[in-house]
Amino acid sequence: MTEDKVTGTLVLAVFTAVLSSFQFGYDIGVINAPQQVIITHYRHVLGVSLDDRIAINNYALNSTEELPTSLGDPTPVSWAEEETMTSASLITMFWSLSVSSFAVGGMIASFFGGLLGDKLGRIKALLVANILSLVGALLMGFSKLGPSHILIISGRGISGLYCGLISGLIPMYIGEIAPTTLRGAIGALHQLAIVTGILISQIVGLDFILGNHELWHILLGLSAVPAILQCLLLFFCPESPRYLYIKLDEEAKAKKSLKRLRGSDDITKDITEMRKEREEASNEKKVSIIQLFTNASYRQPILVALMLHAAQQFSGINGIFYYSTSIFQTAGISQPVYATIGVGAVNTVFTAVSVFLVEKAGRRSLFLIGMSGMFVCAIFMSVGLVLLSKFPWMNYVSMTAIFLFVSFFEIGPGPIPWFMVAEFFSQGPRPAALAIAAFSNWTGNFIIALCFQYIADFCGPYVFFLLLVWSWPLFCSHFLKFQKPKENPLRKSQQSSERRGVQLKRQKLL
């Protein structure tokens, strides 16, 4: 059967597409390694360097002169303390904005990825989106020459807009060009490219490579390289045959695209499947985001999709490096950054493993195994951290639990939500479904980025256990009752919901 064939054109198209996913991961991880270097630069630009703050304290403690004030007569020490606290708060504010502006941009743009893909086509939409990527990279790359805090915040926000667009575009495109039997494995490559980008950003962010006072701006602007490469390669990639056939009704172009992707003239099965989907789509009105929740045919699939993304984000995976650093320091590792890179490497390896497992073990099974494993690891992490002061050897228990936590995440909860949404819906509601799912993911990302430190301060070592206790029932209540057939992953799930919707209507009429 030709549908199982992996052709050079398919490899080129998927590789080119997931360069966007790589940029996504790179932009997530690149800001972490040079944190202290960038904060030091912020102090210099804003005139509140560490040396200045020390000088203020020394002056306040040793001088007998009155310091100017408009708020009565505080002592020199209180004036200096207030000045120091204000300076520290200013730096913290700009650093927090530098990190979180990326997620804000992603939240805003996530609604428009599918819509842009429908308006311009998948290839042209990616070309247009790369304009944002290049602008963001250039702002960050030249941030050392101007007001760095403003340029980095702006660049991160614009890069977030780009990543928000592609978080809907890439799963849609690679899901539409992939052969049916390889759709899950190819869909998982989106997540693999993301974690690879995170790992590469951690490596090149080492202080002896680019994460130092001289080269940190180049580190931030380096995402322009995959953006330029993708722009060049996109001219050689075929447009989505599903988009051409179903959306534009251009059968000849769709067949040409399919023949390139399949490497054969025998495309009867693909055309038959798309023809059936087009007939069904022609009977469907344009589906809005609101209709996904009000229409019984779409309600359960979209709720499942949202819960999958919520469970992914609120599992605590994005906060894992907060505790890993302290644990590795406690274990006596002089350079905990290398241990963190080790976690990133495990992250990448097990994502690659999931690519091969997803078609054999099934989506639901892998998600269940992953969530169950993370739940157990969270317990061991919490126990290890609670007992660390009494039993120093418990740090090794926590270290092992962190590595296993990441491994279980990438077996299922990491990659599966991204491509499952494209499989749940037909061509009509798919763009709206991808938009709302991407928005859900970005919203969870932003909430964790903004609140994790406060939750960790309040809950201490129980933070991961608490997050998983919250996300587990969300997953169970929606995903366990959703039986997803294997034979037609693009339509069977929705048809099942449509039948239930018809049955509900009949019951109401009776």
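Yeah, the Cβs are placed from backbone N, Cα and C, and that goes for glycine too.
These features come from Swiss-Prot:
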type	residues	note
TOPO_DOM	1-10	topological domain 'Cytoplasmic'
TRANSMEM	11-31	transmembrane segment
TOPO_DOM	32-96	topological domain 'Extracellular'
CARBOHYD	ASN62	N-linked glycosylation site
TRANSMEM	97-117	transmembrane segment
TOPO_DOM	118-122	topological domain 'Cytoplasmic'
TRANSMEM	123-143	transmembrane segment
TOPO_DOM	144-157	topological domain 'Extracellular'
TRANSMEM	158-178	transmembrane segment
TOPO_DOM	179-191	topological domain 'Cytoplasmic'
BINDING	GLN191, GLN312, GLN313, ASN318, ASN347, GLU410, TRP418	D-glucose binding site
TRANSMEM	192-212	transmembrane segment
TRANSMEM	216-236	transmembrane segment
TOPO_DOM	237-301	topological domain 'Cytoplasmic'
TRANSMEM	302-322	transmembrane segment
TOPO_DOM	323-336	topological domain 'Extracellular'
TRANSMEM	337-357	transmembrane segment
TOPO_DOM	358-365	topological domain 'Cytoplasmic'
TRANSMEM	366-386	transmembrane segment
TOPO_DOM	387-400	topological domain 'Extracellular'
TRANSMEM	401-421	transmembrane segment
TOPO_DOM	422-431	topological domain 'Cytoplasmic'
TRANSMEM	432-452	transmembrane segment
TRANSMEM	455-475	transmembrane segment
TOPO_DOM	476-510	topological domain 'Cytoplasmic'
REGION	490-510	region 'Disordered'
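Among residues of the same chain six or more beyond the transmembrane segment (97-117), those with a C-beta under 8 A of the stretch's C-beta atoms are 27-28, 31, 38, 125, 128-129, 149, 152-154, 156-169, 172-173, 243, 289, 430-436, 438-439, 441-443, 445-446, 449-450. Residues ILE194, VAL195, ILE317, PHE409, PRO413, GLY414, PRO415, PRO417 surround the recorded D-glucose site, their Cβ atoms falling within 8 Å of the Cβ centroid of GLN191, GLN312, GLN313, ASN318, ASN347, GLU410, TRP418, which are themselves excluded. Sequence-distant contacts (6 or more apart, same chain, Cβ under 8 Å) of ASN318 (D-glucose binding site) comprise ASN445, ILE448, ALA449, PHE452. The transmembrane segment (337-357) makes contact with the transmembrane segment (401-421), as judged by at least three Cβ pairs under 8 Å among residues 6 or more apart in sequence. Among residues of the same chain six or more beyond the transmembrane segment (158-178), those with a C-beta under 8 A of the stretch's C-beta atoms are 10, 13-14, 17-18, 20-21, 23-24, 27, 101-110, 112-114, 116-117, 122, 125-126, 129-130, 132-133, 135-137, 139-140, 186-187, 189-190, 223, 238, 240-243, 261, 418-419, 421-423, 430-431, 434-435, 437-438, 441-442, 490. Counting every protein chain shown, the Cβ of GLN313 (D-glucose binding site) has 23 other Cβ atoms within 10 Å. Residues in the topological domain 'Cytoplasmic' (422-431) partition by DSSP class (helix H, G, I; strand E, B; coil) as 5 helix, 0 strand, 5 coil.
Under a cutoff of 8 A between CB atoms, and with a sequence separation of 6+ in the same chain, the neighbours of TRP418 (D-glucose binding site) are SER167, PRO171, GLY187, HIS190, GLN191.
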